[in-house]
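Before any comments, here is the structure.
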Amino acid sequence: MDHMETRNNTRVLEFLLLGFSKDPELQPLFFGLFLSMYLVTVLGNLLIILATISDSHLHTPMYFFLSNLSFVDICLTSTTIPKMLVNIQTQSKVITYAGCITQMCFFLFFIEVDNFLLAVMAYDRYVAICHPLHYTVIMNPRFCGLLVVVCWILSVLHALFQSLMVLRLSFCTHLEIPHFFCEPNHVVQLACSDTFLNEVVMDSALVLMVIGPIAGIVYSYAKITSSIRAISSAQGKYKAFSTCASHLSIVSLFYGTGLGVYLSSAAAQSSHSKATASLMYTTITPMLNPFIYSLRNKDVKRALKSLFGRKV
């Protein structure tokens, strides 16, 4: 009978997303802030996609990957922020069990696609700078499409596997998540059944799905750096470096906030700092990406000007 009750509780379970503050006076401020950030993120990334599609000069592998990254960034923020805005507006912190698992699955999926795309973009810059004569042959449209499809397939498999691992856990009580979304580690920690297997799987996934792409990015930029150093003219060095400066900025933001801040906050065991760290790589980075590429890139600026038909 107890076993049946536990199973029933798992099915009808509701989680509480505590967010950043319990102070009711701060909720309108948070609502306005996150709504503004969400709108800027969606509009900024949408402009990058439209500029890439509309300008034939941007029909290159680098901008093909960038438009995919912008699309994924819109989806990533749409997975977490709208639910938080609804909860603030309705003064309810509730998210259903099914809603939580679904949100977690989509979050894992989009964050992994982001992760893989950054590695693919690093490889693209490596081929462009280290093998410029063979660039158009290697980075042909079919191969670029294949790279993106592989990114999506690997991310889907990872997200589904991690979500299925959480589905096997039992949750016996009305649970509080000290976060603004169903962050996988927090959900697993709240289970009342044995989570050893889940922790092993998460650690293994961290090594394979995160350290792998990071190693690829580091290797690509090590080769890029040695190639740039071999260029004799200062102008040539600057031109070569400027083609990957925007990507390097985004990589630094994504991994710097997602790994550095998150791991340091995990060591501090502070729920508030963990939520803030997650906010950095799930919301701030996607919001800043369009600005980084448009402010540092003449091609994107020109495309945006032609898109609006006036000076931006």
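Just so you know, glycine gets a Cβ as well, placed from its N, Cα and C.
The annotation transmembrane segment is assigned in TrEMBL to 29-51, 63-82, 94-123, 143-161, 204-222, 243-263, 275-295. For 44-293, the entry in TrEMBL reads domain 'G-protein coupled receptors family 1 profile'.
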Query = In the same chain, which residue numbers or ranges, 6 or more beyond the ends of the transmembrane segment (29-51), come under 8 angstroms Cβ to Cβ?
reply = 19-21, 58, 66-67, 70-71, 73-74, 77-78, 81-82, 84-85, 88-89, 283-284, 286-287, 289-291, 293-294, 300, 303-304, 307
Task = Looking only at the domain 'G-protein coupled receptors family 1 profile' (44-293), report the model's average pLDDT.
result = 88
